[in-house]
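J.: What follows is a structure written as structure tokens; I'll ask about it next.
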Amino acid sequence: MESKSVDGEVNDNTYFPKTDSADAKVTFEQRNTPPETRLYKKRWVIVFLFSSYSLCNSYQWIQYGIINNIFMRFYSVDSFTIDWMSMIYMLTYIPLIFPVSWLLDKKGLRVIALVAAALNCTGTWIKVASARPDLFPVTFLGQFICSVAQVFILGMPSRIASVWFGSEEVSTACSIGVFGNQERQAVTSLAERGDSCSTSPECVQLGIAIGFLVPPMLVPNVDDLDELAAHIRVMFYITAGVATFLFVLVVIVFQERPEIPPTHAQAVARRISPESYSYTASILRLLRNKAFMLLVITYGLNVGCFYAVSTLLNQMIIEHYPGEEVNAGRIGLTIVIAGMVGSLICGIWLDRSKTYKQTTLAVYLMSLVGLVLYASTLDLGHLWVVFITAGTLGFFMTGYLPLGFEFAVELTYPESEGTSSGLLNCSAQVFGIIFTICQGKIMDSFNTLAGNLFLCAFLLIGTIITACIKSDLRRQLANQQALAAVRMEASVAEAFEAKL
């Protein structure tokens, strides 16, 4: 007896009659408390607004790295210093994610959205003032503030999906939410959380794609520093203008939550007192969850490799194809676009198949194969081959992101999605910094192939560990038990009515 929404989609055992009205509204008939549920059209406005400022922030992560050689010359700094313009995004996340997750639980979505958009806007305007060769500390300050903003962004997709969307929409909603961000989050299920969110995060992915494509187009590698400063200033002004517009929209439009919850799960969650949840106890339980901790390691290894490849992409391409800054950006774009397709396909596949471990392991293995192909073809002298192998790498490596988060939801039920996703993301940032530094040093001392083989070794380790993770699908079991209870109650009611 699965019930359907206005759009014909299953939604928590609630029945949405076919109607032409803007919203769908029903009552879930349960033994004692019949909470009303409703889907609002505004949910799409909220998720797309979040996706937009998430995109604007993630674009800036790779803004410097993809034209590494140009910024090195403009600011008279070395390659490693420019690499830190990317790695600062990873570093700030590590100490701030848990305080921000706690703040999200205590203050809610609107406060976090306002802080994120305000910080992002502030950072972009500081960078506008830094378009001079002697002002590298100023541009670093602006990038640092933007990196703090992304901590407030990465934990939101799952919460937006669970607070605003029906249980059969959360993977789609969260995929949209992370269309600007590659990190994937977990979501609330039937008993306490809904179906998982296929995060990481595609808005951030789309933002990274723009970050690969736009800077090489706006900032050509010209010799005159005054002309170069003018190009850099234009790029910074465009970013600041977009960030300001989005901040104003967040202030005006962004709403904490709908008046009526979208699912039975959210109705139950609203009745739970915040004081009854212990953040510290939740973290300790997760740290004792062996399967989840193995996933934390494997997720960090995979995403850390992605961060390293993205940060050092310009250096890899320029080493073998001098003067190809624009094509380096296009190769980065290819990686991300292919990854967005992979993420969506994997999210949709999991919504239907629920084969979490099998799919995660297969995609992890193919990520390793993709990196081996990319590493072995980079020096062949044919850019079109690099485009193909880079796209293959992106499809599987970025496609893994939602799988890792959705698998985590299953392994950690019924813990808070913010806590489990925070640990996964924290692992990714730690490995991202380590891999970026180590691969950069290996490339300087040896060559690009040696640096990529270094990453391949860790992806192989991650594949082996993934095969060892126990497939303990706790949330699926809880959903099955809840559905069985509802069907049993309905059967009893029908039998009673038949006797009458």
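Quick reminder: no glycine exception, Cβ is built from N, Cα and C everywhere.
Please treat TrEMBL annotations as automatic predictions, because they have not gone through curation.
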J.: Have a look at 110-130, 383-403 and point to the one annotated transmembrane segment in TrEMBL.
T.: 383-403
J.: At a C-beta cut-off of under 8 Å, are there same-chain residues at least 6 beyond the transmembrane segment (361-377) that contact it? List them, or none.
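T.: Distant Cβ neighbours of the transmembrane segment (361-377) are 298, 302, 305, 309, 342, 346, 385-386, 389-390, 392-397, 399-400, 403, 448-449, 452-453, 455-456, 459-460, 462-463, 466-467.
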J.: With pairs closer than 6 in sequence left out, are the transmembrane segment (423-443) and the transmembrane segment (383-403) joined by 3 or more CB pairs under 8 Å?
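T.: Between the transmembrane segment (383-403) and the transmembrane segment (423-443), contact is absent.
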J.: Tell me, what is the mean pLDDT of the domain 'Major facilitator superfamily (MFS) profile' (46-474)?
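T.: Result for the domain 'Major facilitator superfamily (MFS) profile' (46-474): average pLDDT 84.
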